[in-house]
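Colleague: First, the structure itself, so that you have it in front of you.
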Amino acid sequence: MAAPTLTADGPRLGQQEMKKMSPSFHPTLWGDFFLSYEAPTEAQEAQMREKAAVLKEEVRNMIKGSHDVPEIVDLIITLQRLNLDYHYEDEINEKLTVVYKSNYDGGNLDLVSRRFYLLRKCGYDVSSDVFLKFKDQLGNFVEADTRSLLSLYNAAFLRIHGETVLDEAISFTMRVLQDRLEHLESPLAEEVSSALDTPLFRRVGTLEMKDYIPIYEKDAKQNKSILEFAKLNFNLLQLRYSSELKECTTWWKELRVESNLSFVRDRIVEVYFWMSGGCYDPQYSHSRIILTKIVAFITILDDTLDSHATSCESMQLAEAIERWDESAVSLLPEYMKDFYMYLLKTFSSFENELGPDKSYRVFYLKEAVKELVREYTKEIKWRDEDYVPKTLKEHLKVSLISIGGTLVLCSAFVGMGDVVTKKIMKWVMSDAELVKSFGIFVRLSNDIVSTKREQREKHCVSTVQCYMKQHEITMDEACEQIKELTEDSWKFMIEQGLALKEYPIIVPRTVLEFARTVDYMYKEADKYTVSHTIKDMLTSLYVKPVLM
């Protein structure tokens, strides 16, 4: 694609050249908090790690000693929900083979549902026909105990296209669970309520870890070693996350956003949460830090081009990024120069940190940034010309890239270890179907909650407005129908992930993890822009340890 220029692709003379009134975003809720956050002493941390190591081996022996399918399924799902499974990948993979080969198709709805959920989530090709036996002669699902229906409900959200039985299972179980909810006791009541809000498969792993510990503690069948290890593991991860937040905050403060770029959203802690939700296991520390920095840059670009820069300034910035050279800073207005130089400096630091064997990955990252900005310039042209794409499909040709989904995935893989190859980096940048489905999901989820806010000023038309015009319906009707399209995107992502056999499981798993974070951040509101809504959650995740 040709680089954006200041001539043919630029704005008409005099158009949009008055400096815009930037929207008023609330200031940072965190400031320097993580720069002065006091972690436990080295002696305290060493004691925690020593105890955790003992418990880790106890749980390992439990996994090795599990033989019956029901026992294996329950144990692995519990470890996944408590975010302990990454400690036992080899042992769990061995047990998953046992579960898969069992071909269990008995009449226990709870077990059939949980087995299906576990295997499909872990990438196994299992048939949804196992649920047909739980229908009556009229084709309706037969009522069962609440625990079994909850398991069926959670399993059904791993549906792909053509699985009518799972579509029907969701409708049936949702209605019954809603009717029964007020009559349930703890902890089942909390489980059902949480599932109706967000099905188990769609929950952000770090949040599920935090939220499930107190539920598991109330479970009559809880194992004390697993519970204690889960609490220690949470607290140790919290120390790691807090340390990474200190590093990211230090990096962010160097940019002096509050004085140099006061019109952008100052959300470094929220960015870290959003991005770490996509790769939260401890071994992905480098990915989390790279992701946080990249999405902080995306935020600056988005807020600058959307709401502050003139069209001419926007094209100047786009050309400078296309050139990707310090000499291009001369193209820019003063307020953009520090940001541009810091962008280049940060990318150079990525190359140095990755070393000679992995620094090639940063090339793909640069190309993803350039591609993002090229699509931004197309949206600026739409805005300046008051152009509304005729169809949603036309809009998405531009906006599924400009939302940044490809760049996020590229950033995640750049920071991972030897599992990521040049083949994977090329795949991310190649318009792969799974990457496109993810981009569409992010775009539609974003636009549902941001359209009303953004249209208070002159702004590029959203997918919602495009859909309204295409189908001659109201905004509320368009949002409801687009929500159905996001459900379609979930189906696409799951089936495309299952089909991606030539790549390691971490590839489709990472895409789905980021889909979960997007679902959370855009559910009901834009929690990134209006981050008061998640302040308490972030405090419980990064500041308050779990009581032992």
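The backbone N, Cα and C atoms fix where each Cβ goes, glycine too.
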Colleague: Which stretch, out of 12-16, 302-306, 382-386, 402-406, is listed as motif 'DDXXD motif' by Swiss-Prot?
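Modeller: When 12-16, 302-306, 382-386, 402-406 are checked in Swiss-Prot, motif 'DDXXD motif' belongs to 302-306.
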Colleague: Mind checking which residues of the chain, 6+ beyond the ends of the motif 'DDXXD motif' (302-306), have their Cβ under 8 Å from one of its Cβ atoms?
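Modeller: Distal contacts: 22, 25, 261, 263-265, 314, 317, 336, 339, 376, 380, 454, 459-460.
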Colleague: Relative to the Cβ of D302 (substrate binding site), which residues of the same chain, six or more apart in sequence, are found under 8 Å away?
Modeller: Y376
Colleague: DSSP says what for the motif 'DDXXD motif' (302-306): how many helix, strand, coil residues?
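Modeller: Secondary-structure breakdown of the motif 'DDXXD motif' (302-306): 5 helix, 0 strand, 0 coil.
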Colleague: Summarise the model's confidence over the motif 'DDXXD motif' (302-306) as a mean pLDDT value.
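Modeller: Per the prediction, mean pLDDT sits at 93 for the motif 'DDXXD motif' (302-306).
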Colleague: Hey, what's the Cβ neighbour count for S450 (Mg(2+) 3 binding site) at 10 Å?
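Modeller: S450 (Mg(2+) 3 binding site): 18 neighbouring Cβ atoms within 10 Å.
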Colleague: If I restrict to non-local contacts, at least six residues apart, and a C-beta distance under 8 angstroms, what lies near R443 (substrate binding site) in its own chain?
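Modeller: Those within reach of R443 (substrate binding site), by Cβ under 8 Å and sequence separation of 6 or more, are L396, S399, L400, I403, G405, T463.
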Colleague: What Cα-Cα separation, expressed in whole Å, is found between D306 (substrate binding site) and S450 (Mg(2+) 3 binding site)?
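Modeller: The Cα atom of D306 (substrate binding site) is 13 Å away from the Cα atom of S450 (Mg(2+) 3 binding site).
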Colleague: What are the non-local neighbours of N446 (substrate binding site), defined as same-chain residues 6+ apart in sequence with CB under 8 A from its CB?
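Modeller: Once residues fewer than 6 apart are set aside, N446 (substrate binding site) is near I403, V518, Y522, D526.
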